[in-house]
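Summarising the annotation, TrEMBL assigns active site to Lys219. Taken from TrEMBL, the feature domain '6-phosphogluconate dehydrogenase NADP-binding' applies to 51-210. The domain '3-hydroxyisobutyrate dehydrogenase-like NAD-binding' feature in TrEMBL is assigned to 213-332.
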Amino acid sequence: MALLCSTFVPQIPNHFRRNPISSFPFKSFFSLSPKAFSSNAVSKEDKAPARVGFLGLGIMGSPMAQNLIKAGCDVTVWNRTKRKCDPLISLGANYKQSPEEVTSFCDVTFAMLADPESAVDVALGKNGAANGLSPGKGYVDVSTVDGVTSKVIGKQVKATGALFLEAPVSGSKKPAEDGQLIFLTAGDKALYETVAPFLDIMGKSRFYLGDIGNGAAMKLVVNMIMGSMMASFSEGLLLSEKVGLDPSVLVEVVSQGAISAPMFSMKGPSMVQATYPTAFPLKHQQKDMRLALGLAESVSQPTPIAAAANELYKVAKSHGLSDQDFSAVMEALKPRFQPPN
Ligand SMILES: NC(=O)C1=CN([C@@H]2O[C@H](COP(=O)(O)OP(=O)(O)OC[C@H]3O[C@@H](n4cnc5c(N)ncnc54)[C@H](OP(=O)(O)O)[C@@H]3O)[C@@H](O)[C@H]2O)C=CC1
Ligand SMILES: O=CC(=O)O
């Protein structure tokens, strides 16, 4: 494995200097265990860049892959809808026709897919990523899925002799563009250490949480809280308006108090205008609520607030709001979506 990106050094983005967790990002390339990527191992002197694969170029995958390319990584992309690869190819990415071809060609491959079904399909389906994996390679699934799905993928990946890391991200479209994601990782520690420099290009911090499933669980708990917060915020905005207050002033008041949250300040003004430019699609938020409720069910943890919020996201979906931002959940509380009294 040729993970010696010394040529990247002059192109390190500024945010590395602010990163509280990582130190110099490419340092770990030089302390790689020879076993980490044994099939293609090269000596430190070879200084050839690693080949990095990226599968899934949606709202998140595209800017993440773009940041890798801009940092000087040798990136190879694949996406189900081919045209989404074109801007990245223009920036210098290689293109392969299937996930299998990407993993055959690359030392380490990231996958950013919509949901459990697509993550399994791309990893384990026909011409799937697992077919191109072998000892010495790594597969990092950064999609938001449940722990059971992640374990299924991890088991098949490891059966090829490759290493597996689940690494869902917290942070939306803008943090992805700015390389400010938070990685919630679990699985093979050796792979975590090897890909840390790539995570540091795409993110501002990273957590290693142990066994496969823990990264997925952390992500689902965080998004369960986020989904409930957004539903509650929506109720507040509409109630304030109905009692004659200016909801824009509510956004301002909230921003100055203990319940202030960047999410409210960022999305509040457009919600007041009833516009929902998509950063995090509502269908994905509902998927995360559903998976979080399943996680809670598996350990008999009551989550009545999240369960109620999930119903609201389901109503929003049924009214055609799936591809709008998840803040469009507020629309489901408006009279035309409510059953008559
Ligand atoms: N957007 C956000 O703010 C955040 C999203 N996430 C999570 O990241 C993941 C991706 O989100 P995001 O980029 O927003 O989603 P998008 O819907 O924009 O992209 C989804 C990607 O999955 C691909 N895909 C979907 N179904 C299949 C399939 N059956 N086979 C192959 N590929 C498929 C799509 O391909 P195609 O282009 O062909 O449709 C696309 O590349 C989700 O799990 C989401 O929950 C996590 C943090 C933040
Ligand atoms: O998963 C969504 C996010 O904003 O994080």
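Placement of Cβ uses the backbone N, Cα and C atoms for every residue, glycine included.
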Write out the long-range same-chain contacts of Lys219 (active site), meaning residues 6 or more apart in sequence whose Cβ is under 8 Å from its Cβ.
Thr144, Pro168, Val169, Ser170, Leu184, Asp288
Quick one: DSSP breakdown of the domain '3-hydroxyisobutyrate dehydrogenase-like NAD-binding' (213-332) into helix, strand and coil?
89 helix, 2 strand, 29 coil
Rounded mean pLDDT within the domain '3-hydroxyisobutyrate dehydrogenase-like NAD-binding' (213-332) lands at 98
